[in-house]
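Features as listed in TrEMBL:
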type     : residues  : note
TRANSMEM : A:9-30    : transmembrane segment
TRANSMEM : A:36-54   : transmembrane segment
TRANSMEM : A:84-102  : transmembrane segment
TRANSMEM : A:109-127 : transmembrane segment
TRANSMEM : A:163-180 : transmembrane segment
TRANSMEM : A:213-232 : transmembrane segment
TRANSMEM : A:253-275 : transmembrane segment
TRANSMEM : A:287-306 : transmembrane segment
Amino acid sequence: MKLGSKHTTLLVLAVIIIVAPFFFPSSYYFRVGSLIFINGLAVTGIVILTGYAGQVSLGHAGFAGIGAYACALAPVYLGVHPGLALIIGALLSGAIAFLVGRPILRLKGYYLGVASLGFGILVAMLLTNEAQITGGPDGIRVADLGIRGLLREMGFRVKGSELWYVLTGICLLIGAWLALNLHDSPTGRALRALHGSEVAARTVGVDVARLKLQAFVISAVFASVSGSLLALQNRFITPEVAGFLHSVEMVTMAVLGGVGSVLGAIFGAAILTTLPQVLTVFAEYEYAVLGLVMMLVMIFLRDGLLPSLAKLIKGREQ
Amino acid sequence: MLEIKALKSAYGRIEVLHGIDLSVSSGEIVTVVGANGAGKTTLLKCLSGVQPVIGGSISFRGETMTHVPGHKRLKRGLAQSPEGRQIFTNLSVEENLRLGAFLFTDARVDQDMAEAFQMFPVLKEKRNLNAGGLSGGQQQMLAIARALMGRPACLLLDEPSMGLAPILVAQIFDVVKGLKALDVTVLLVEQNAFGALSIADRGYVMETGRVTISGSAKELIADPRIREAYLGH
């Protein structure tokens, strides 16, 4: 199996999404599943920005925050449907990414990391401090998307957890499809080229600044939609969604799973979403073990879990 | 085709090019030779738009392009193969070539690629491999082939022989010489003065940011000062 190939990746993803529920002992697992898909969507955006274009962002949770709070606030203040609020959030995130990205994408490496980190913190502070509008650190209720009610009227009774499993699964598939299409398009090639060498990319006529900005905006929209879905599923959201930890989590998931491949990064999201649940057996040492696992993966499997495993299996076969 | 007049450039406050005059006519191979630190690479950087120009002018095909941004210069017909090869090591050979044709979406791209493979059969064999896995000589061929995919009128080559084994150096110079048949004008910057002058029509010698000697390649090869300083005779 070639990891990069588009159709294999989509097929594998679709099969896993469809087959997994047959092994779910309780509806709790549907919830974990949809959480994986939501994280997977954000991480797919990170793959475009970091895996393809080689730019680091430690502030992408800021965009997730914008998406989440758009779904919480737009229905209240603008009277729009929560579904439309998701789109408004995505557009707003894209626009803000466009404005913020321009100056900060001139920076490279850890300078860019720190600048983007600043942006994420700014959004989190804003959401925490403007308590009159956002509800402050205690969080805020989010309106019902209304799909379940609609289905009930049509005579279908579905559990909320199962519905969200399907919805987020579809969103992830669409996101992965978009990212994979981008990979092999001229734009995707140019992104991967400037990752390798900006000087050389410029010599073949690539507008490096514009392309980096494009990748930044696209990945911001992915993060925003992921934040929106989280808010709509939970029906409640706190400023933590925009927090520094969430930003780091996104990057960690992507790098752990393999930031160069969509499937790898989603795999990373799955691991880091489920591992804390599994590691509860270690009680208070849970996060210590998690940290240890992450260090070991980075030391021994630098390309990320999935690409390294694939290489290992390939090596055996030959 | 390419006209450089009184070109000055600086790194910070230190001027490194003190007024370079240089011209390349259509169909020529012109070489700039000189020792390390003479300013050859800075000159090329000015031409490719990476290095700011603080005085003088660059005109190409009759148009001023002194301050045209780097990524727009290829569109005007000026291609560059940068120093240290700078191929995209994380991409396949074919993807590298396709990137060379980034500006074009027409059917000629495939035709150009077929021609590139004809010119460099070894690249065809390795078209699906990562370019990072190529040998130094193959990478240099890929860099030149990639630059040609941009359909340039003029190609700037920065030290194509750098770090290559002698037999490969000869091969690369043959390739450069062959560009004449493709109607590509070449400005070749080289430390390997003998190799460069033996395929060029004309040459310029640079020393510490100035052109000190210029003339036809034959004259330069015979010039005792150059034989002394650069050719080791």
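Each Cβ is built from the backbone N, Cα and C atoms, and glycine gets one as well.
Annotations in TrEMBL come from automatic prediction, not curation.
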Please figure out which one of A:36-54, A:109-127, A:287-306 racks up the most CB pairs under 8 Å against the transmembrane segment (A:253-275).
A:36-54
What same-chain residues lie close to the transmembrane segment (A:109-127): Cβ under 8 Å, and 6 or more beyond its ends?
55-63, 65-66, 69, 100, 134, 239-240, 242-244, 247
Same-chain residue ranges lying at least 6 outside the transmembrane segment (A:163-180) that approach it to Cβ under 8 Å:
6, 9-10, 13-14, 17, 21, 30-31, 33-34, 37-38, 40-41, 44-45, 47-48, 147-148, 151, 222, 225, 229, 233, 262-263, 266
Count the CB pairs under 8 A between the transmembrane segment (A:213-232) and each of A:9-30, A:36-54, A:84-102, then give me the winner.
A:84-102
